[in-house]
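Participant: First the structure, then my questions, so here it is.
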Amino acid sequence: MKLIVGLGNPGEKYAKTKHNVGYWVLDLLAEKLALSFDQKTENGIYVKQPDFILAKPTTFMNKSGDFVEELIKFYKINTQDLMIIYDDMNFEVGQAAIKTTGSAGGQRGMAHIIEKCKTKEIKRLKIGISRGENAKEYVLSPFLPKDNAKIKLVIEEAANILIFYLSNSFITTIEKFNANKNKV
């Protein structure tokens, strides 16, 4: 069973911030699949299908690993079937990258997930948000109007890639993503 987790911060205050692009991708993915997040735990919300789970932690970003660990243990999911979607300041707005492993790159939600899962071997889909002077203020602010079209396009592409991934291998998904990379 595949577990796809979109990271963000809960609450209306953070809904339109750069740090919530993981939520945005999951929301669009669920919408495209005509699914709703109908299951809830203390740490998050999710929708379970026979072959996959889409999940959003409702803890603050730096505690995202608690919810991921909870779902992995309860549903006996192998971390090889886990994919995390989150914002990355090392990529420009409009860029995305799929990785099979690596460090958290300063992203505290991903760092907590790596800590809880006890491995860096976690698939991830990083959504570029560019870099600001004050990282904390920057990630907790909305995108500039000039970036809205780019971010909308990359969120759409990310959701489409995940739809493809749900019925294909990760290797095939990476190949398709890389073939389409220059089109985003």
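Using N, Cα and C of the backbone, Cβ positions are placed for all residues, glycine too.
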Participant: Could you look at Tyr14, Tyr23, Tyr138 and say which one Swiss-Prot places alongside Phe60, Asn62 in the tRNA site?
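Facilitator: As annotated by Swiss-Prot, Phe60, Asn62 share the tRNA site with Tyr14, chosen from Tyr14, Tyr23, Tyr138.
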Participant: Rank the recorded positions Asn9, Asn62 by the number of other Cβ atoms within 10 Å of each Cβ, and give the residue at the low end.
Facilitator: Asn62
Participant: Applying the rule Cβ within 8 Å of the centroid of the Cβ atoms of Tyr14, Phe60, Asn62, what extra residues of the same chain belong around the tRNA site?
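Facilitator: Apart from Tyr14, Phe60, Asn62, the close residues are Gly8, Asn9, Pro10, His19, Thr59, Met61, Lys63, Gly109.
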Participant: Relative to the Cα of Asn62 (tRNA binding site), which of the recorded positions Asn9, His19, Asp87 have a Cα no more than 10 Å away?
Facilitator: Asn9
Participant: DSSP on Asp87 (site 'Stabilizes the basic form of H active site to accept a proton'), three-state: which is it?
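Facilitator: Assignment for Asp87 (site 'Stabilizes the basic form of H active site to accept a proton') reads strand.
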Participant: Sorry to bug you, but what's the C-alpha spacing from Phe60 (tRNA binding site) to Asp87 (site 'Stabilizes the basic form of H active site to accept a proton'), rounded to the closest Å?
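Facilitator: Here the two Cα atoms lie 14 Å apart.
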